[in-house]
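Student: First the structure, which I've put down as structure tokens, then a few questions once you've had a look.
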Amino acid sequence: HTKKKKIPQNQPLPEFDKRNILRFPFYKILGALMSMLIIWVVTGVLTYLASVRLLHPNYEIEATVMLITSGCAVIANVILSLTLHQTGHGHSLRAQANEHKSAPQQKPASANASVRAAFVHAIGDLFQSISVLISALIIFFKPEYKIADPVCTFVFSIFVLATTITILRDILIVLMEGTPKGFNYDAVRERILAVDKVESIHNLHLWSLTMNQVSLSAHIVTGQYTVDNYLILKEVTQVLFDTYPFHSVTIQIEPQANQKSDCVFCQDPKD
């Protein structure tokens, strides 16, 4: 049994096809990963060039041109970062508004992965621009201190890479189909077991298509296969949607008589 939330009327339906049913949400993760990889590559290139300048200091720097260019870059990146921050905040508010309103304290909200990645990318560019601006100011007033250029590059490269760690971790969790950030596997399991007449649960899986589209599937064992099972299924599904911001929930009910003692998939997963 699968229950999915209705898409708002003002939101256009994506054009799915049989070969790529989940492609649209997944493209956001791939785009975010690509953005992070670009940051790492660019930072690596800048670090390499800074190392070359330290080893071969026979270079000249046009401090005036460097100062003007970096100043414009800082202004542009500040505007871009503020814009993306507001966009990401708007996405989070809309995601929260679309969820059920029960037990809000247990509902983690995640911004769009591609927006977060773009914001981190802009912050990285901002750090690099500030690095260039600082070194340009030093060189402009003290031309003999041109070593400030590669030194600032090294220092701010560390800051840039540090900003990518959190979102990279979140992206890898999605790609590896790990338990989404903000969800406790044991807490979800206990919440299902708390429903009346649910005796056990196995094959419980939590994963996400994007950072704000979490899915759940599980097999629930009841005493006997009766008409009450429909009511149990309805209650479990409703409880999950009321307690957590799941995008989709798939529940299969099985009678106790069908359970095998040697079932590998019926065992609780390791911590």
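Counting begins at 1 with the first residue displayed.
Placement of Cβ uses the backbone N, Cα and C atoms for every residue, glycine included.
The domain 'Cation efflux protein transmembrane' annotation in TrEMBL covers 27-176. The transmembrane segment feature in TrEMBL is assigned to 29-51, 63-84, 117-141, 147-168. What TrEMBL records for 180-255 is domain 'Cation efflux protein cytoplasmic'.
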Student: Along the domain 'Cation efflux protein cytoplasmic' (180-255), what average pLDDT does this model show?
Tutor: 86
Student: How do the residues of the domain 'Cation efflux protein transmembrane' (27-176) split into helix, strand and coil according to DSSP?
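Tutor: Result for the domain 'Cation efflux protein transmembrane' (27-176), in helix, strand, coil order: 128 helix, 0 strand, 22 coil.
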